């Protein structure tokens with residue numbers, strides 16, 4: 001039987017204030033006091049895993065061990081069938097600008113263009129099916145853990161459409177829709193996203 005969370009503090013293994021706010025809104029109604037790894041001064045471990053599960057577990061365990069508090073981490077990304085599952089765990093890395101490409105940071109249009117370029121190399125009939133994945137990992141200081149996986153399948157389109165999303169949203173058309181994630185109302189997108197799928201599973205098992 002999976003170990004359940006009690007009410008109390010939970011470390012969210014992120015230094016991103018936006019992500020902390022989003023996750024806190026989902027968990028605080030269930031009695032959890034969410035703290036960020038950044039606010040506790042915890043280091044960010046290198047994401048050396050080759051799967052979403054490995055990276056999420058790595059971050060959750062590091063935060064739990066360093067803080068002595070139950071920790072939650074996530075890892076997410078896009079996998080494209082025709083690219084053998086890439087970019088996968090390197091989804092964000094594909095958007096990283098190198099020093100010779102201008103100011104450091106992420107250029108998501110560049111990343112979308114890279115994916116599209118690789119697809120076009122395979123011809124007009126290339127398989128454009130893909131999926132967004134999200135893995136949530138809970139880790140207790142004593143080493144116990146639980147993992148929840150969410151997925152939303154879709155297809156890639158080109159050129160990018162819509163201005164309401166981020167990342168690869170402007171080229172991702174979820175299954176059953178004709179709009180990209182960047183064209184869909186944000187509230188609707190959040191309800192059907194890979195992260196929503198993973199959190200629904202976590203909430204059902206931990207608080208149901």
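Heads up, the Cβ atoms here are built off N, Cα and C, so glycines get one too.
Remember, it's a predicted structure, so these values are computed and weren't measured experimentally.
With a 10 A radius on its CB, residue 75 (active site, proton acceptor) counts 25 other CB atoms from all the protein chains. For 75, the entry in TrEMBL reads active site, proton acceptor.
In sequence order, 78, 91, 95, 108, 111 make up the list of same-chain residues 6 or more apart from residue 167 (substrate binding site) whose Cβ falls under 8 Å from its Cβ. Annotated substrate binding site per TrEMBL: 14, 15, 16, 17, 18, 19, 76, 166, 167, 168, 169, 189, 194, 195, in sequence order.
TrEMBL lists 75 with the feature Mg(2+) binding site.
Cα separation, residue 169 (substrate binding site) to residue 75 (active site, proton acceptor), rounded: 17 Å. Among the record's substrate binders, 14, 15, 16, 17, 18, 19, 76, 166, 167, 168, 169, 189, 194, 195, no two C-alpha atoms are more than 24 Å apart, and one pair sits at exactly that spread.
Listed binding-site residues: 14, 16, 18, 169, 194. The one with the lowest count of other Cβ atoms within 10 Å of its Cβ is 18. It is 13 Å from the Cα atom of residue 16 (substrate binding site) to that of residue 75 (active site, proton acceptor).
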